[in-house]
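Just below is one structure, and these are the notes that go with it.
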């Protein structure tokens with residue numbers, strides 16, 4: 001398959017007073033749970049699936065990745081090969097970018113930037129302008145296999161990509177030029193994230209390790225001790241001091257998230273255990289007045305959990321029954337999470353504070 005996606009177009013979903021009308025088949029997504037929720041004995045409340053607002057779905061198939069855009073937008077990618085920009089407050093779909101030839105695997109954007117990036121099984125990465133003309137503004141071909149990691153620098157001038165071809169690449173987002181390429185044997189990349197205010201990129205891998213890359217020379221600056229299971233995702237705290245990684249798991253074995261110290265011991269701080277299956281995503285929640293520093297995780301067991309970062313206590317659990325495996329999390333603010341699912345689109349979750357925090361679904365699209 002060609003590395004260059006052809007026929008790329010950008011289609012507004014809402015233009016003036018006209019709105020998109022989806023065929024009836026796209027409005028009825030399957031609700032059969034492939035991984036039913038199971039009791040795991042963790043501490044915390046199991047939130048109810050109360051009646052939530054149901055909006056037209058952003059994608060016609062499984063949603064594979066979601067990322068927050070400020071102030072109230074999100075970007076998502078799915079098996080339908082498209083990239084969608086939506087208002088997570090109203091569920092309104094604003095733009096749809098079409099150009100990838102296969103499933104979109106990851107999406108990201110620098111905060112306060114109008115540039116959106118997407119990676120795909122078609123081996124390419126594309127850059128889209130939120131307010132630009134139709135079609136991608138830049139292509140980044142060069143990987144030999146599916147692109148599975150995507151991280152953009154805070155100023156959106158550089159991009160790091162990772163793939164199952166064991167390589168990490170650095171790109172100039174203006175010119176599309178590949179500025180560096182590094183290969184490590186058996187380093188099947190699963191996720192990438194940029195450390196705020198630093199030239200470092202965190203990377204998780206199927207070789208069970210979490211690496212810290214110095215993006216300036218594209219060299220590994222540090223490798224954390226290998227875990228027992230594949231590391232599936234990573235995130236970095238806003239102050240750049242800690243990073244998270246999450247593990248694959250099965251039948252209650254593995255599936256934990258791990259907190260690592262980036263500045264001092266560069267060792268494991270604590271673990272967050274309670275998911276029954278693979279933990280697919282992990283994010284730091286922005287600081288808010290209601291809760292101590294917290295993190296959130298999603299899992300193939302259809303649950304989302306919120307944890308006290310310092311004590312590792314599970315503060316709240318929500319079972320999104322019928323959603324199937326949960327693929328990706330995004331933190332919009334200190335009380336709002338977006339969760340991408342296999343069966344039922346993107347879920348908007350609200351976390352309440354107080355002595356007994358609760359997590360509930362308020363909308364889906």
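Every residue gets a Cβ built from N, Cα and C, even glycine.
According to TrEMBL, the protein has these features:
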type: REGION; residues: 1-20; note: region 'Disordered'
type: COMPBIAS; residues: 8-17; note: compositional bias 'Polar residues'
type: REGION; residues: 42-62; note: region 'Disordered'
type: COMPBIAS; residues: 43-57; note: compositional bias 'Polar residues'
type: REPEAT; residues: 97-130; note: repeat 'WD'
type: REPEAT; residues: 140-181; note: repeat 'WD'
type: REPEAT; residues: 189-223; note: repeat 'WD'
type: REPEAT; residues: 272-317; note: repeat 'WD'
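Tertiary proximity for the repeat 'WD' (189-223) is limited to same-chain residues at least six positions away from its ends with a CB under 8 Å from its CB atoms, namely 106, 148-154, 158, 160-164, 166-168, 170, 179-182, 229-236, 238-240, 243, 245-246, 258, 260, 262, 266. Outside the repeat 'WD' (140-181), and at least 6 residues removed from its termini, the chain residues within Cβ reach (under 8 Å) are 3-4, 105-111, 113, 115, 117-121, 123-127, 187-194, 196-197, 201, 203, 206, 213, 215, 217-218. Counted with DSSP, the repeat 'WD' (272-317) comes out as 0 helix, 23 strand, 23 coil. Residue counts for the repeat 'WD' (97-130) by DSSP state, with H, G and I taken as helix and E and B as strand, are 0 helix, 19 strand, 15 coil.
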